[in-house]
Amino acid sequence: MSSYGGGGGYQRDSYRSRNGGGGGGYGNGNGYSNGGGYGGGGGGGGYGGGGYGGGGYGGGGYGGRGGGAGGAGGDRMSNLGAGLKKQEWDLDSLPKFEKSFYKEHADVAERSQRDVDEFRKKHEMAVQGRNVPRPVETFDEAGFPQYVLSEVKAQGFDRPTAIQSQGWPMALSGRDVVGIAETGSGKTLTYCLPAIVHINAQPLLAPGDGPIVLILAPTRELAVQIQAEISKFGKSSRIRNTCVYGGVPKGPQIRDLSRGVEVCIATPGRLIDMLEAGRTNLRRVTYLVLDEADRMLDMGFEPQIRKIISQIRPDRQTCMWSATWPKEVRQLASDFLNDYIQVNIGSMDLSANHRITQIVEVVSDFEKRDKMIKHLEKIMENRANKCLIFTGTKRIADEITRFLRQDGWPALSIHGDKQQQERDWVLNEFKTGKSPIMVATDVASRGIDVRDITHVLNYDYPNNSEDYVHRIGRTGRAGAKGTAITFFTTDNSKQARDLVTILTEAKQQIDPRLAEMVRYSGGGGHGHGGYGRWGGRGGGRGGGRGRGNHFTASNAAPLGGNRRW
């Protein structure tokens, strides 16, 4: 096998001219044919094992809803990847590839170590590892090629975020990277732009080649948002991409993979399905990204991640991004990253974004609806506001949505039992402000990139303090301020101590009744969850009566006559 070489022959100009026209990302077409009866819905088992309808997609109106998504810890999940062949890697025989592109800008080189230290201190930035490059303070200093730089400036960004300032030199240097930063900090662009540079320095894909860049994400929503960023910034280089995730037909994804894509953004389960079926391979992957690594481990994806990485050459560049740095994530980094360099933005202790005003009210369950309405009346006085309401279960999400709509509020709900087409529609209605109230379960607590959410309302308190921080992190993004309102009941008293710690660190007011709970309950909190949390029964109802419209009952409920917005 001949060497790829490292020379300029594969730089962007030759790549572009040889690639002739192919256009940007393929988009994911939904593959639904006329109408699309979901038929009688399958039973669950395994994550995603709940069938999304036993009947085909053809034929008039949607039939019964498919079975539920099932639990992540079922048998199907543990068997995923059993059919993948163990790879034996001989590095001497593998084609060589380029991964080091960073040249330090003169202005960066001239800064004293004291200037660098002050910049890092100002941005609460800590670095670890051998020979960590200095941070950059402007886009020009990052050293991106002009075709990347022009795309960035066209988006109107002022200057790099903290994670980008330090993360870009690290990723462009070809080193393995760990980045720890809060959601909404600009992590996606931190690895996307170096990925584009990396692709344009590699040989073109040959027929049958898999992707060059693989990005693993925990949820469909996050995967779709990453795809949007890659499509936007990779357009000028004609970089092709596809998004591979469950809950939708495989056909369009298979077609994209068979045509050849430089970037594959995937959730672990569906990617393993594709690998086992021989629809793609990972032999060409030289740039691997694990986004929201902590969330993927929380959801029980560790065995699948390990199986996927076993299919990728060991001298690849790996970038791991996470909002937290628990021991499980540290172990994953130790196992799969070589001589990595790390940047942490903010405190390593669990803490909330200080731009968010946190209001915690101790209430009883029967008070919640009235208090929610009172808050919404105040929030929606400003028609530009958007409110994301979190509930503990899918059933309550639907009940609350139906209640709000009947009361005249333009609310819609999103959770794992809803079909992907409906979820996409709800997200778009919320993003565009047509429906400024969205009710969600924790499926939406990470990865939903709606940057102008002004308020988060925790109707039900989550299972642990990490999920609380990630939920409220949906507001106060990209430098904006936000407000988080949380209903806390005596049933949540074991979480009181952790919550008070977070509120105190962020210098927030504390409800005296909450402080009293800490004193009298001795509440120690539930820790940080664990892998077993997502295990569970498959099943799901399936077989509901068909309706002519595309959406579930809660989102189809008519708005009451007393329009509230």
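Including glycine, each Cβ sits where the backbone N, Cα and C put it.
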Of 67-70, 75-78, 291-294, the range Swiss-Prot labels motif 'DEAD box': 291-294
Considering every residue in the motif 'Q motif' (137-165), what is the mean pLDDT value? 89
When you measure from the Cβ of Gly186 (ATP binding site), which residues in the chain that are at least 6 apart have a Cβ under 8 Å away? Pro160, Thr161, Ile163, Gln164, Ala478
Applying the rule Cβ within 8 Å of the centroid of the Cβ atoms of Ala181, Glu182, Thr183, Gly184, Ser185, Gly186, Lys187, Thr188, what extra residues of the same chain belong around the ATP site? Thr161, Ile163, Ala323
Just to be sure I understand, if DSSP states are collapsed into helix, strand and coil, how many residues of the motif 'DEAD box' (291-294) fall in each? 2 helix, 0 strand, 2 coil
All chains considered, the count of other Cβ atoms within 10 Å of the Cβ of Thr183 (ATP binding site) is 20
